[in-house]
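Novice: Handing you this structure, nothing more for now.
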Amino acid sequence: MSDNKFIIGSEEWCAFPALGVPAIKARVDSGARTSSIHAVNIRPFKREGEPWVSFELHPIQNSRKIILRCESKVIDRRNIKSSNGEIEKRYVIASVIQLGGHAWEVELTLTNRDSMGYRMLLGREAMSNKTLVDPSESFCLGQQNDVEVEQLYGVKSAKKSGLKIGLLASNPDLYSNRRIIEAGEQRGHEMVFLNIKQCYLKLDASEPEVHYRGGRILNDLDAVIPRIRPSMTFYGCALTRHFESLNIMALNTSDAITRSRDKLFSLQLLQKNNLDIPTSGFANSPVDTKDLIDMVGGAPLIVKLLEGTQGKGVVLAETTKAAESVINAFKSLHVNLLVQEFIKEAQGKDLRCFVIDGKVVASIERTAAPGEFRANIHQGGSASIVSVSAAERQLALKAAKTMGLRVAGVDIIRSSRGPLLLEINSSPGLEGIESATGIDIAGAMIDSIEKKLGWKAE
């Protein structure tokens, strides 16, 4: 045996000081060419113009008690054939390995090893001219028990860092945005306000990126909370979609937001799923105005711009003549609109149910200001806490599920034939409902992200 080689067994404890890994159990396999280490939430980014990668490592098999956040320079991307014969393109990093009293630099590919028996595989390239393998032995360089390993990680697990969450919006001073930032920071997370207009995309099959004005790359986020104003729907959803392609969790997905923002499409989806809505009509030509009015039971009726929110672009036409004038005026501007039956018995009131993760976490009754028929808070309406019926609760939950929204403000109106769905909002305001109920809605939104990402405070 050469003097500079040492014997290792079929499994050994390794360390990677540069990655902050004091102990990780490795399967030693001279039949495998490359070495790999467990990595999840792998995200490429640039540092001083060079390619780097960030990733999370759970160093103990079958345990998420310890989570390490690692960064390393990328030296390559390679197609690696896994043990099941599948080809996977992996990032390759280099780091110094410590085995017993020996240390040298090895190359590691990053991959999810949750389905494997070991968090690390030590292949023959890493062992070349360094070791001899005795497959009949284990832990030739020393065994460590669970208590010893947890003690090695004690400082890191006690000081576990929070998540990095981006708030994708337009105005940092709005009540809702301030509350979300505040709620995240109170829970120990790093909250980053991202102005939608200052984000831009790099479309690249191997290195997609989201940039922020000034050159900062945003690929290192754990999650984004899209709060997209209607005028920014197209670009905001494109940004959200790009974050999703980087395996960054979106509290509401781009597809769900797109569905909910298209009022006609959303009503069609609700109708398809047998959810009750006010009778509505849609036509392309002013020639069909009279039939459209008759379709919803005649005047009085509601005329809605498809692009409107917060009660804007909604008109009550009290007579047939007024309805014809409003519809034809809107059509002359080449805008899309809906006509909808007017629910007189609601008396200027509606319900807002706030849904998070399939639960109605809060509900309020909104009442229109004197002389106004719209109950929206932004139109001067008032809010009061209300207890909703089981039917109303189920309607709200089914509506959010139909849209695919994890977080939704569902508007319901009480009619003589039962509760009817008015609208599902993917960026519902927090001020009215938090003020009326005293419930920490912003905190519940952060809780949803923590639950989805499996994050728990120590």
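A Cβ is built for glycine as well, from the same backbone N, Cα and C atoms used for every other residue.
Annotations per Swiss-Prot:
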type	residues	note
BINDING	Lys304, Glu341, Phe342, Asp350, Arg374, Ala375, Asn376	ATP binding site
BINDING	Asp411, Glu423	Mn(2+) 1 binding site
BINDING	Asp411, Glu423	Mg(2+) 1 binding site
BINDING	Glu423, Asn425	Mg(2+) 2 binding site
BINDING	Glu423, Asn425	Mn(2+) 2 binding site
DOMAIN	267-450	domain 'ATP-grasp'
REGION	1-162	region 'Unknown'
REGION	163-458	region 'Alpha-L-glutamate ligase'
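Help me picture where these features are in the structure shown.
Specialist: There are 19 other Cβ atoms within 10 Å of the Cβ belonging to Phe342 (ATP binding site).
Following the DSSP three-state reduction, the secondary structure of Glu423 (Mn(2+) 1 binding site) is strand.
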Novice: Phe342 (ATP binding site) to Asp411 (Mn(2+) 1 binding site): how many Å between their Cα atoms?
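Specialist: Between the alpha carbons of Phe342 (ATP binding site) and Asp411 (Mn(2+) 1 binding site) there are 15 Å.
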Novice: Across the whole of the domain 'ATP-grasp' (267-450), what does the mean pLDDT come to? Round it, please.
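Specialist: PLDDT averaged over the stretch: 87.
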Novice: Among the binding-site residues listed here (Asp411, Glu423, Asn425), which has the Cα closest to the Cα of Asp350 (ATP binding site)?
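Specialist: Closest by Cα: Asp411.
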Novice: Just give me the nearest neighbour of Asn425 (Mg(2+) 2 binding site) among the binding-site residues Lys304, Glu341, Asp411, Cα to Cα.
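Specialist: That would be Asp411, nearest by Cα distance.
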